[in-house]
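Contents: one structure, followed by commentary.
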Amino acid sequence: MSTMNSKASSGGEEASAMRTETLGESRYSGEVKRGQAILVAYLIATLELTFLFMQMGVMPYLAKSLGLDSVGFGYLQTTFGVLQLVGGPIFGRFADQFGTRAALILSCASGSAFFLLMSISTSIPLLFLSRLPAVFMHGLPGAQKVITDMTAPSQRADALGKLGLCFGIGIIIGSALGGVLSTKFGIFVPTYVGLVGNLINTMIAMVWIPLQAKPKSDHHDMENSTSQSGSVFSIREILRLMKFPGVMEIFIVKVLAGLPIGFFLVMFSIISMDFFGLEAVESGYLMSYFGVLQMVIQGLVVGKLTNHCTERTLLRLSVFVFAGVGLGMALMRTVWHYCIVAVPLTFAFSTLGTITDSILTKAVPSSDTGTMLGICASVQPLTRTVGPTIGGVLYKHFGVSSFGYLQLIVNIGLFIYLLKSKIPLSEMKNQ
């Protein structure tokens, strides 16, 4: 009898050990798959940004060859900005309702349509029509959505920060590739490359991005979720996210802190010629310099800081550095001064963007992170939309220094606000 009990006990231990081993293997397999999905998201973002910057370098010449003047080109850029502004939150809602893979496929397919229409743009109306697919071209927010779904809250800021490497690579390779292809093979060749590249990106998203990236939401998340209620185009459901604790305050800081610098960057093509006296080639070198800074700072520095500092501290630091950047811009006189100012400028931009995205995705239910990322992605198109008008007035009537002084004043005000306010932030410490 005791022998039988001993055998039963031994069998139970063996079964328990096998279950533990199977669970361990399953967990390891899940971690490997999550790691692969995140790497694929980085790849998709890098390729899409490369093609986007490639067409940005070619677009002025294509527009000019079709007879579009500077005013018309401004309208073309504004159209692109408005479409991206409107499409960001809608794309986020689509990702929440239909999944990240479907959203990335939509983004890549829209990119294919964008370059296809651009490649057959033999008239100004067709060129404007080619901007239309931009409403759903949101590869970077799509990649952010994958990372948000696949990482723990304590790892999120570091993982999001590494997208800066993708951005920097996109600037450097895209700008150079667009110039080389258009010069050696013709102005439409970059559009053909962009079309083929986005089709490849679509296939990558279909094969390598998992159908269900997001873990199951808990009961509390489902109670507060907006993603499953209302249509993809519901403005009311999108704005409802702003009512969660701390969301409106952090979003306002995100928009205002970099807005004056955003106006400056929108006008930079004109400022680089008139104020700094740069030629087109020298402007290209400067863009490459910014790309390298973006890669190093956001890809390496910000990630390290998120492991040692709280998000509240980094938020205050980025705003404080932005104020210092404003002072530096107000006093700069040469392009070399600007190259020095660009270091803290890139740091502040990278830190603010990464930390606010991380905070805001933690402040809403996990089922609504796509919508929140879409709202965050609309900040840059907003700047591109209103920037040419406001930036033009500032530059014409008050000069380059006005951007710096405005940046200084706005961020001193925000820094004081952040010191005195008690904004509720979840998952503040990255352990």
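The backbone N, Cα and C atoms fix where each Cβ goes, glycine too.
What TrEMBL annotates here:
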COMPBIAS  8-17  compositional bias 'Low complexity'
DOMAIN    34-425  domain 'Major facilitator superfamily (MFS) profile'
REGION    1-20  region 'Disordered'
TRANSMEM  37-63  transmembrane segment
TRANSMEM  75-95  transmembrane segment
TRANSMEM  102-120  transmembrane segment
TRANSMEM  159-181  transmembrane segment
TRANSMEM  187-209  transmembrane segment
TRANSMEM  250-271  transmembrane segment
TRANSMEM  283-302  transmembrane segment
TRANSMEM  314-336  transmembrane segment
TRANSMEM  398-419  transmembrane segment
**Study point:** Same-chain residue ranges lying at least 6 outside the transmembrane segment (250-271) that approach it to Cβ under 8 Å
**Key:** 242, 283, 315, 318-319, 322, 325-326, 329, 345, 348-349, 352-353, 356, 359-360, 363, 375-376, 379-380, 382-384, 387-388, 390-392, 394-395, 400, 403-404, 406-407, 410-411, 414, 417-418, 423, 425
Check your understanding: When only pairs 6 or more apart in sequence are counted, do the transmembrane segment (37-63) and the transmembrane segment (283-302) reach 3 or more Cβ pairs under 8 Å?
Key -> no
Check your understanding: Is the transmembrane segment (398-419) close to the transmembrane segment (159-181), in the sense of at least 3 CB pairs under 8 angstroms with a sequence gap of 6 or more?
Key -> no
